[in-house]
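Asker: Take a look at this one; I'll ask things after.
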Amino acid sequence: MEIDRKFINVLVLGLAFMLIFTAFQTMGNIQQTVIKSITQEDPSFIADGFTSLAIIYAVLSISNWISPSIISVIGPKWSMIVGGFFYSLYIGSFFLQKSWALYTCSALLGFGAALIWTGQGNYLTLNSDGNNISRNSGVFWAVFQCSFLFGNLFVFFLFQGREQIDQHTRTILYSVLLIVGCLGLLMLLILPAMKDSDASRNSKSEDGVVSAQGAQASQGPLDAFLRSIKLFFTKDMGLLSVAFFYIGIEYSFLSGVYSPSIGFTLEFEDSKRLVGLSGIFIGVGEIAGGAIFGILGSKTVRYGRDPIILTGFLTQALGFFLIFLNIPDNAPFGDTTDVAFITSSPFVAILSSFLVAFGDACFNTQVYSILGGIYPNDSAPAFALFKFVSSMASAASFFYSPYIGIHPQLIIIGILLLAGTICFWLVEWRSVYKRAHLIETSNPDSAVDKDFD
(Lines of atoms letter the chains of each structure in order from A and count residues from 1; the text may use other names and numbers.)
(Lines give C-alpha, C1' and ligand atoms only; values in the text may rest on other atoms or scores of the structure.)
Protein backbone atom coordinates (compact mmCIF):
# COMPACT_ATOMS: atom_id res chain seq x y z
CA MET A 1 0.00 0.00 0.00
CA GLU A 2 1.31 3.44 -0.93
CA ILE A 3 2.36 5.58 2.02
CA ASP A 4 0.45 8.84 2.37
CA ARG A 5 3.47 11.08 2.89
CA LYS A 6 1.38 14.18 3.49
CA PHE A 7 -0.50 12.43 6.28
CA ILE A 8 2.86 11.40 7.78
CA ASN A 9 3.82 15.09 7.69
CA VAL A 10 0.65 15.92 9.64
CA LEU A 11 1.50 13.29 12.26
CA VAL A 12 5.09 14.55 12.65
CA LEU A 13 3.78 18.11 12.85
CA GLY A 14 1.42 17.04 15.64
CA LEU A 15 4.21 15.26 17.53
CA ALA A 16 6.50 18.30 17.28
CA PHE A 17 3.78 20.60 18.62
CA MET A 18 2.94 18.07 21.33
CA LEU A 19 6.51 18.27 22.65
CA ILE A 20 6.89 22.06 22.34
CA PHE A 21 3.54 22.68 24.00
CA THR A 22 4.05 20.04 26.67
CA ALA A 23 6.60 22.57 27.89
CA PHE A 24 4.61 25.76 27.30
CA GLN A 25 1.05 24.70 28.15
CA THR A 26 2.19 22.92 31.30
CA MET A 27 4.03 26.08 32.35
CA GLY A 28 1.05 28.27 31.48
CA ASN A 29 -1.29 26.02 33.44
CA ILE A 30 0.78 26.28 36.65
CA GLN A 31 2.58 29.59 36.08
CA GLN A 32 0.54 31.63 38.56
CA THR A 33 0.93 28.90 41.20
CA VAL A 34 4.70 28.72 40.66
CA ILE A 35 5.14 32.51 40.69
CA LYS A 36 3.23 32.77 43.98
CA SER A 37 5.68 30.25 45.47
CA ILE A 38 8.70 32.23 44.19
CA THR A 39 7.28 35.45 45.63
CA GLN A 40 6.86 33.86 49.05
CA GLU A 41 10.58 32.99 49.05
CA ASP A 42 11.78 36.18 47.35
CA PRO A 43 9.51 39.22 47.90
CA SER A 44 11.60 41.21 45.41
CA PHE A 45 10.24 39.02 42.61
CA ILE A 46 7.12 40.98 41.69
CA ALA A 47 6.18 39.33 38.39
CA ASP A 48 2.60 38.27 37.77
CA GLY A 49 1.63 35.20 35.77
CA PHE A 50 -1.46 36.82 34.25
CA THR A 51 0.61 39.84 33.15
CA SER A 52 3.17 37.56 31.51
CA LEU A 53 0.46 35.74 29.57
CA ALA A 54 -1.19 39.04 28.64
CA ILE A 55 2.11 40.27 27.15
CA ILE A 56 2.49 37.05 25.19
CA TYR A 57 -0.94 37.30 23.62
CA ALA A 58 -0.80 41.05 23.02
CA VAL A 59 2.48 40.75 21.08
CA LEU A 60 1.16 37.62 19.34
CA SER A 61 -1.91 39.53 18.21
CA ILE A 62 0.12 42.36 16.66
CA SER A 63 2.76 40.04 15.17
CA ASN A 64 0.15 38.08 13.24
CA TRP A 65 -0.04 40.97 10.76
CA ILE A 66 3.57 40.41 9.66
CA SER A 67 3.83 36.62 10.06
CA PRO A 68 2.36 35.86 6.58
CA SER A 69 5.00 38.13 5.03
CA ILE A 70 7.78 36.30 6.88
CA ILE A 71 6.35 32.92 5.86
CA SER A 72 6.24 34.04 2.22
CA VAL A 73 10.03 34.51 2.42
CA ILE A 74 11.31 31.62 4.57
CA GLY A 75 8.40 29.18 4.32
CA PRO A 76 6.24 27.61 7.04
CA LYS A 77 8.84 25.07 8.23
CA TRP A 78 11.53 27.59 9.17
CA SER A 79 8.93 29.97 10.55
CA MET A 80 7.83 27.23 12.95
CA ILE A 81 11.43 26.47 13.92
CA VAL A 82 12.19 30.13 14.71
CA GLY A 83 8.95 30.38 16.67
CA GLY A 84 9.69 27.16 18.56
CA PHE A 85 13.08 28.52 19.64
CA PHE A 86 11.38 31.41 21.46
CA TYR A 87 9.17 28.93 23.33
CA SER A 88 12.29 27.23 24.70
CA LEU A 89 13.82 30.61 25.54
CA TYR A 90 10.70 31.49 27.54
CA ILE A 91 10.94 28.31 29.64
CA GLY A 92 14.63 29.02 30.23
CA SER A 93 13.84 32.50 31.58
CA PHE A 94 12.34 30.96 34.73
CA PHE A 95 15.80 29.79 35.83
CA LEU A 96 16.78 33.46 36.32
CA GLN A 97 13.80 34.33 38.55
CA LYS A 98 13.92 37.94 37.36
CA SER A 99 10.83 39.91 36.43
CA TRP A 100 12.54 41.68 33.52
CA ALA A 101 13.69 38.34 32.04
CA LEU A 102 10.20 36.84 32.30
CA TYR A 103 8.47 39.83 30.69
CA THR A 104 11.12 40.24 27.95
CA CYS A 105 10.93 36.56 27.01
CA SER A 106 7.13 36.78 27.14
CA ALA A 107 7.24 39.48 24.45
CA LEU A 108 9.69 37.45 22.35
CA LEU A 109 7.47 34.41 22.73
CA GLY A 110 4.51 36.42 21.47
CA PHE A 111 6.39 37.12 18.25
CA GLY A 112 7.50 33.49 17.99
CA ALA A 113 3.97 32.25 18.59
CA ALA A 114 2.72 34.24 15.59
CA LEU A 115 5.31 32.52 13.42
CA ILE A 116 4.75 29.00 14.74
CA TRP A 117 0.95 29.10 14.57
CA THR A 118 0.61 30.82 11.20
CA GLY A 119 3.24 28.46 9.86
CA GLN A 120 1.38 25.49 11.34
CA GLY A 121 -1.92 26.45 9.73
CA ASN A 122 -0.20 27.01 6.39
CA TYR A 123 1.74 23.74 6.59
CA LEU A 124 -1.34 21.74 7.58
CA THR A 125 -3.30 23.18 4.65
CA LEU A 126 -0.47 22.44 2.20
CA ASN A 127 -0.64 18.79 3.29
CA SER A 128 -4.43 18.58 2.98
CA ASP A 129 -7.22 18.96 0.45
CA GLY A 130 -10.98 19.49 0.62
CA ASN A 131 -11.57 15.79 1.27
CA ASN A 132 -9.20 15.31 4.19
CA ILE A 133 -8.78 18.73 5.83
CA SER A 134 -11.26 17.83 8.60
CA ARG A 135 -9.53 14.50 9.25
CA ASN A 136 -6.08 16.07 9.28
CA SER A 137 -7.23 18.91 11.54
CA GLY A 138 -8.70 16.45 14.02
CA VAL A 139 -5.65 14.17 13.99
CA PHE A 140 -3.28 17.09 14.46
CA TRP A 141 -5.37 18.46 17.31
CA ALA A 142 -5.57 15.09 19.10
CA VAL A 143 -1.80 14.47 18.88
CA PHE A 144 -0.94 18.07 19.75
CA GLN A 145 -3.18 18.17 22.81
CA CYS A 146 -1.43 15.15 24.33
CA SER A 147 0.82 17.96 25.60
CA PHE A 148 -1.77 18.72 28.27
CA LEU A 149 -1.89 15.07 29.30
CA PHE A 150 1.81 14.28 29.61
CA GLY A 151 2.95 17.62 31.00
CA ASN A 152 0.30 17.82 33.67
CA LEU A 153 0.69 14.15 34.59
CA PHE A 154 4.31 15.01 35.35
CA VAL A 155 3.20 18.01 37.44
CA PHE A 156 0.57 15.92 39.24
CA PHE A 157 3.22 13.60 40.66
CA LEU A 158 5.91 16.28 41.08
CA PHE A 159 3.63 18.51 43.17
CA GLN A 160 2.10 15.67 45.20
CA GLY A 161 1.68 16.66 48.83
CA ARG A 162 3.33 20.07 48.35
CA GLU A 163 1.63 23.26 49.49
CA GLN A 164 4.78 25.25 48.67
CA ILE A 165 6.65 24.66 45.37
CA ASP A 166 10.25 24.95 46.59
CA GLN A 167 13.38 25.90 44.62
CA HIS A 168 14.54 22.30 44.07
CA THR A 169 11.14 21.23 42.75
CA ARG A 170 10.97 24.25 40.44
CA THR A 171 14.45 23.50 39.03
CA ILE A 172 13.39 19.94 38.19
CA LEU A 173 10.23 21.32 36.57
CA TYR A 174 12.05 23.89 34.39
CA SER A 175 14.77 21.44 33.35
CA VAL A 176 12.41 18.70 32.21
CA LEU A 177 10.13 21.11 30.33
CA LEU A 178 13.09 22.78 28.59
CA ILE A 179 14.47 19.44 27.39
CA VAL A 180 11.05 18.37 26.10
CA GLY A 181 10.62 21.68 24.23
CA CYS A 182 14.01 21.27 22.53
CA LEU A 183 13.05 17.77 21.40
CA GLY A 184 10.03 19.33 19.68
CA LEU A 185 12.36 21.67 17.78
CA LEU A 186 14.30 18.65 16.52
CA MET A 187 11.04 17.10 15.27
CA LEU A 188 10.30 20.26 13.26
CA LEU A 189 13.72 20.01 11.64
CA ILE A 190 12.89 16.64 10.04
CA LEU A 191 9.77 17.97 8.31
CA PRO A 192 10.16 18.49 4.55
CA ALA A 193 10.09 22.16 3.53
CA MET A 194 6.95 23.25 1.65
CA LYS A 195 5.66 26.51 0.17
CA ASP A 196 2.33 27.61 -1.26
CA SER A 197 3.55 26.87 -4.79
CA ASP A 198 3.58 23.18 -3.82
CA ALA A 199 -0.20 23.34 -3.53
CA SER A 200 -0.93 25.48 -6.57
CA ARG A 201 -2.65 22.60 -8.35
CA ASN A 202 -5.23 22.39 -5.56
CA SER A 203 -6.28 26.01 -5.68
CA LYS A 204 -10.04 25.57 -5.40
CA SER A 205 -11.77 26.31 -2.13
CA GLU A 206 -14.77 24.35 -0.84
CA ASP A 207 -17.12 26.67 -2.67
CA GLY A 208 -15.22 26.32 -5.91
CA VAL A 209 -13.58 29.75 -5.91
CA VAL A 210 -9.98 30.09 -7.03
CA SER A 211 -8.20 32.61 -4.83
CA ALA A 212 -5.81 35.29 -6.03
CA GLN A 213 -2.97 33.51 -4.32
CA GLY A 214 -3.79 30.32 -6.18
CA ALA A 215 -3.54 32.19 -9.44
CA GLN A 216 -0.20 33.67 -8.50
CA ALA A 217 1.14 30.46 -6.97
CA SER A 218 3.24 32.48 -4.55
CA GLN A 219 3.34 35.88 -2.91
CA GLY A 220 5.96 38.34 -1.84
CA PRO A 221 6.01 39.85 1.66
CA LEU A 222 4.06 42.97 0.67
CA ASP A 223 1.48 40.93 -1.26
CA ALA A 224 0.96 38.69 1.78
CA PHE A 225 0.44 41.68 4.06
CA LEU A 226 -2.03 43.36 1.70
CA ARG A 227 -3.88 40.09 1.22
CA SER A 228 -4.29 39.78 5.00
CA ILE A 229 -5.82 43.25 5.19
CA LYS A 230 -8.21 42.58 2.30
CA LEU A 231 -9.25 39.22 3.73
CA PHE A 232 -9.90 40.71 7.16
CA PHE A 233 -12.67 42.95 5.79
CA THR A 234 -14.61 40.23 3.98
CA LYS A 235 -18.06 39.27 5.31
CA ASP A 236 -17.16 35.65 6.14
CA MET A 237 -14.01 36.64 7.99
CA GLY A 238 -15.93 39.30 9.90
CA LEU A 239 -18.43 36.71 11.11
CA LEU A 240 -15.74 34.16 11.89
CA SER A 241 -13.87 36.80 13.89
CA VAL A 242 -16.65 36.70 16.50
CA ALA A 243 -16.01 32.97 16.91
CA PHE A 244 -12.24 33.61 16.96
CA PHE A 245 -12.69 36.20 19.72
CA TYR A 246 -14.71 33.74 21.79
CA ILE A 247 -12.08 31.02 21.34
CA GLY A 248 -9.39 33.40 22.59
CA ILE A 249 -11.36 34.39 25.70
CA GLU A 250 -12.41 30.82 26.44
CA TYR A 251 -8.98 29.27 25.93
CA SER A 252 -7.19 31.84 28.11
CA PHE A 253 -9.70 31.10 30.87
CA LEU A 254 -9.25 27.34 30.48
CA SER A 255 -5.46 27.32 30.23
CA GLY A 256 -4.44 30.20 32.49
CA VAL A 257 -7.24 31.07 34.92
CA TYR A 258 -9.33 28.01 35.77
CA SER A 259 -6.67 25.50 36.88
CA PRO A 260 -4.87 28.01 39.19
CA SER A 261 -8.29 28.91 40.63
CA ILE A 262 -8.74 25.26 41.58
CA GLY A 263 -5.34 25.35 43.29
CA PHE A 264 -6.29 28.49 45.24
CA THR A 265 -9.61 26.99 46.46
CA LEU A 266 -8.62 25.68 49.88
CA GLU A 267 -11.97 23.93 50.32
CA PHE A 268 -10.38 21.22 48.18
CA GLU A 269 -8.11 18.76 49.95
CA ASP A 270 -4.59 18.89 48.43
CA SER A 271 -5.73 21.68 46.12
CA LYS A 272 -2.28 22.25 44.56
CA ARG A 273 -2.21 18.67 43.33
CA LEU A 274 -5.60 19.18 41.68
CA VAL A 275 -4.01 21.81 39.41
CA GLY A 276 -2.09 19.05 37.63
CA LEU A 277 -5.12 16.73 37.61
CA SER A 278 -7.21 19.49 36.03
CA GLY A 279 -4.56 19.89 33.33
CA ILE A 280 -4.61 16.14 32.69
CA PHE A 281 -8.36 16.12 32.11
CA ILE A 282 -8.14 19.23 29.96
CA GLY A 283 -5.79 17.13 27.84
CA VAL A 284 -8.15 14.14 27.88
CA GLY A 285 -11.02 16.34 26.69
CA GLU A 286 -8.93 17.95 23.93
CA ILE A 287 -7.57 14.58 22.77
CA ALA A 288 -10.99 12.94 22.79
CA GLY A 289 -12.51 15.76 20.75
CA GLY A 290 -9.68 15.81 18.24
CA ALA A 291 -9.62 12.03 17.86
CA ILE A 292 -13.38 11.72 17.38
CA PHE A 293 -13.54 14.48 14.79
CA GLY A 294 -10.44 13.14 13.07
CA ILE A 295 -12.09 9.73 12.69
CA LEU A 296 -15.37 11.34 11.60
CA GLY A 297 -13.65 13.80 9.24
CA SER A 298 -15.34 12.39 6.12
CA LYS A 299 -18.76 12.64 7.82
CA THR A 300 -18.05 16.28 8.67
CA VAL A 301 -17.46 17.08 5.01
CA ARG A 302 -20.70 15.33 4.07
CA TYR A 303 -23.03 16.63 6.80
CA GLY A 304 -21.43 19.97 7.65
CA ARG A 305 -19.61 21.33 10.65
CA ASP A 306 -22.56 22.82 12.50
CA PRO A 307 -23.51 19.62 14.44
CA ILE A 308 -19.99 19.52 15.92
CA ILE A 309 -20.17 23.21 16.84
CA LEU A 310 -23.53 22.53 18.53
CA THR A 311 -21.89 19.72 20.51
CA GLY A 312 -19.15 22.13 21.58
CA PHE A 313 -21.72 24.75 22.58
CA LEU A 314 -23.67 22.34 24.79
CA THR A 315 -20.66 20.75 26.52
CA GLN A 316 -19.02 24.09 27.23
CA ALA A 317 -22.26 25.67 28.46
CA LEU A 318 -22.63 22.81 30.96
CA GLY A 319 -18.97 22.98 31.98
CA PHE A 320 -19.03 26.73 32.59
CA PHE A 321 -22.26 26.46 34.59
CA LEU A 322 -20.69 23.83 36.86
CA ILE A 323 -17.61 26.03 37.38
CA PHE A 324 -19.90 28.94 38.29
CA LEU A 325 -21.50 26.81 41.01
CA ASN A 326 -18.36 25.02 42.23
CA ILE A 327 -15.61 27.68 42.46
CA PRO A 328 -15.71 30.77 44.76
CA ASP A 329 -15.70 34.12 42.99
CA ASN A 330 -12.35 35.34 44.38
CA ALA A 331 -10.40 32.15 43.55
CA PRO A 332 -8.33 33.74 40.72
CA PHE A 333 -6.74 36.20 43.18
CA GLY A 334 -4.96 33.71 45.48
CA ASP A 335 -5.62 31.21 48.28
CA THR A 336 -9.19 31.51 49.57
CA THR A 337 -11.38 29.76 52.12
CA ASP A 338 -14.58 31.32 50.74
CA VAL A 339 -17.37 28.94 49.84
CA ALA A 340 -18.99 28.55 46.43
CA PHE A 341 -22.71 28.23 45.67
CA ILE A 342 -22.38 24.50 46.34
CA THR A 343 -19.90 22.53 48.44
CA SER A 344 -16.78 22.61 46.28
CA SER A 345 -16.32 19.15 44.79
CA PRO A 346 -13.04 17.91 43.25
CA PHE A 347 -15.07 15.61 40.98
CA VAL A 348 -17.15 18.49 39.62
CA ALA A 349 -14.00 20.62 39.18
CA ILE A 350 -12.26 17.92 37.12
CA LEU A 351 -15.43 17.07 35.17
CA SER A 352 -15.74 20.75 34.26
CA SER A 353 -12.15 20.74 32.97
CA PHE A 354 -13.00 17.82 30.68
CA LEU A 355 -16.27 19.31 29.39
CA VAL A 356 -14.83 22.73 28.58
CA ALA A 357 -11.77 21.17 26.92
CA PHE A 358 -13.91 18.80 24.82
CA GLY A 359 -15.94 21.79 23.65
CA ASP A 360 -12.73 23.69 22.91
CA ALA A 361 -11.65 20.82 20.63
CA CYS A 362 -15.03 21.02 18.87
CA PHE A 363 -14.54 24.69 18.07
CA ASN A 364 -10.85 24.58 17.18
CA THR A 365 -10.96 21.56 14.89
CA GLN A 366 -13.86 23.07 12.97
CA VAL A 367 -12.16 26.46 12.70
CA TYR A 368 -9.10 24.73 11.23
CA SER A 369 -11.38 22.79 8.91
CA ILE A 370 -13.39 25.78 7.69
CA LEU A 371 -10.31 28.00 7.17
CA GLY A 372 -8.46 25.26 5.29
CA GLY A 373 -11.60 24.50 3.28
CA ILE A 374 -12.68 28.02 2.36
CA TYR A 375 -9.19 29.56 2.04
CA PRO A 376 -6.89 26.75 0.80
CA ASN A 377 -4.61 29.15 -1.08
CA ASP A 378 -4.86 31.99 1.43
CA SER A 379 -4.16 29.77 4.41
CA ALA A 380 -1.28 31.82 5.84
CA PRO A 381 -3.29 35.09 5.95
CA ALA A 382 -6.44 33.25 7.12
CA PHE A 383 -4.72 31.50 10.01
CA ALA A 384 -2.82 34.68 10.89
CA LEU A 385 -6.13 36.54 11.19
CA PHE A 386 -7.54 33.72 13.33
CA LYS A 387 -4.58 34.05 15.68
CA PHE A 388 -4.73 37.86 15.57
CA VAL A 389 -8.32 38.01 16.80
CA SER A 390 -8.09 35.11 19.26
CA SER A 391 -4.80 36.39 20.69
CA MET A 392 -6.21 39.89 21.08
CA ALA A 393 -9.06 38.34 23.06
CA SER A 394 -6.68 36.25 25.16
CA ALA A 395 -4.56 39.31 25.95
CA ALA A 396 -7.67 41.20 27.07
CA SER A 397 -8.71 38.25 29.21
CA PHE A 398 -5.35 38.01 30.97
CA PHE A 399 -5.27 41.78 31.53
CA TYR A 400 -8.63 41.81 33.33
CA SER A 401 -8.30 38.40 35.07
CA PRO A 402 -6.31 39.77 38.07
CA TYR A 403 -9.10 42.27 38.77
CA ILE A 404 -12.37 40.47 37.97
CA GLY A 405 -13.78 37.53 39.90
CA ILE A 406 -14.40 34.20 38.24
CA HIS A 407 -18.19 34.66 38.12
CA PRO A 408 -18.20 37.87 36.02
CA GLN A 409 -15.61 36.23 33.75
CA LEU A 410 -17.97 33.30 33.21
CA ILE A 411 -20.87 35.64 32.35
CA ILE A 412 -18.69 37.30 29.68
CA ILE A 413 -17.71 33.89 28.34
CA GLY A 414 -21.33 32.70 28.22
CA ILE A 415 -22.45 35.69 26.12
CA LEU A 416 -19.54 35.25 23.70
CA LEU A 417 -20.16 31.49 23.47
CA LEU A 418 -23.66 32.10 22.12
CA ALA A 419 -22.55 34.85 19.74
CA GLY A 420 -19.56 32.89 18.43
CA THR A 421 -21.65 29.78 17.80
CA ILE A 422 -24.28 31.68 15.80
CA CYS A 423 -21.67 33.50 13.69
CA PHE A 424 -19.82 30.27 12.88
CA TRP A 425 -23.09 28.66 11.78
CA LEU A 426 -23.84 31.59 9.48
CA VAL A 427 -20.51 31.17 7.67
CA GLU A 428 -20.97 27.40 7.46
CA TRP A 429 -24.46 27.76 5.99
CA ARG A 430 -23.20 30.35 3.48
CA SER A 431 -20.48 27.90 2.43
CA VAL A 432 -23.03 25.09 2.01
CA TYR A 433 -25.25 27.39 -0.06
CA LYS A 434 -22.35 28.37 -2.32
CA ARG A 435 -21.44 24.71 -2.93
CA ALA A 436 -25.04 23.83 -3.72
CA HIS A 437 -25.38 26.82 -6.04
CA LEU A 438 -22.15 25.87 -7.82
CA ILE A 439 -23.44 22.34 -8.41
CA GLU A 440 -26.77 23.71 -9.66
CA THR A 441 -25.20 26.11 -12.14
CA SER A 442 -22.65 23.59 -13.41
CA ASN A 443 -25.24 20.79 -13.74
CA PRO A 444 -28.82 22.10 -14.21
CA ASP A 445 -30.17 18.54 -14.26
CA SER A 446 -28.72 17.67 -10.86
CA ALA A 447 -30.85 16.76 -7.92
CA VAL A 448 -30.24 20.04 -6.16
CA ASP A 449 -33.56 21.74 -5.37
CA LYS A 450 -34.14 24.69 -7.71
CA ASP A 451 -35.83 26.56 -4.90
CA PHE A 452 -32.85 26.13 -2.56
CA ASP A 453 -32.47 29.88 -2.03
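Quick reminder: no glycine exception, Cβ is built from N, Cα and C everywhere.
Automated prediction, rather than curation, is the source of TrEMBL annotations.
According to TrEMBL, the protein carries these features:
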- 7-25: transmembrane segment (TRANSMEM)
- 45-66: transmembrane segment (TRANSMEM)
- 78-95: transmembrane segment (TRANSMEM)
- 101-118: transmembrane segment (TRANSMEM)
- 139-159: transmembrane segment (TRANSMEM)
- 171-194: transmembrane segment (TRANSMEM)
- 237-254: transmembrane segment (TRANSMEM)
- 274-296: transmembrane segment (TRANSMEM)
- 308-327: transmembrane segment (TRANSMEM)
- 339-359: transmembrane segment (TRANSMEM)
- 380-400: transmembrane segment (TRANSMEM)
- 406-427: transmembrane segment (TRANSMEM)
Asker: With the transmembrane segment (339-359) as the reference, find which of 78-95, 139-159, 237-254, 380-400, 406-427 contributes the most Cβ pairs under 8 Å.
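Answerer: Top-ranked stretch among 78-95, 139-159, 237-254, 380-400, 406-427: 237-254.
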Asker: Is it the case that the transmembrane segment (45-66) and the transmembrane segment (380-400) touch, counting contact as three or more CB pairs under 8 Å in which the residues of each pair are 6 or more positions apart?
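Answerer: Contact between the transmembrane segment (380-400) and the transmembrane segment (45-66): present, because at least 3 Cβ pairs are under 8 Å.
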Asker: So if I exclude everything within five residues of the ends of the transmembrane segment (101-118), which remaining residues of that chain have a CB under 8 angstroms from its CBs? That is, six or more out.
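Answerer: Residues packing against the transmembrane segment (101-118) from afar: 20, 24, 47, 51-53, 55-64, 66-68, 70-71, 76, 79-80, 82-87, 89-90, 92-94, 380, 383-384, 387, 391.
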Asker: Decide whether the stretches the transmembrane segment (139-159) and the transmembrane segment (274-296) have at least 3 CB pairs under 8 angstroms, with pairs required to be 6 or more apart in sequence.
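Answerer: The transmembrane segment (274-296) and the transmembrane segment (139-159): touching, yes.
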Asker: Can you work out which residues elsewhere in the same chain, 6+ from the ends of the transmembrane segment (171-194), have a Cβ less than 8 Å from its Cβ atoms?
Answerer: 9, 12-13, 15-24, 26-27, 34, 75-78, 80-81, 84-85, 87-88, 91-92, 94-95, 123, 126-127, 151, 154-155, 158, 165
Asker: Would you say the transmembrane segment (78-95) and the transmembrane segment (308-327) are in contact under the rule of three or more C-beta pairs closer than 8 Å, pairs 6 or more apart in sequence?
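Answerer: They do not touch: fewer than three Cβ pairs between the two stretches lie under 8 Å.
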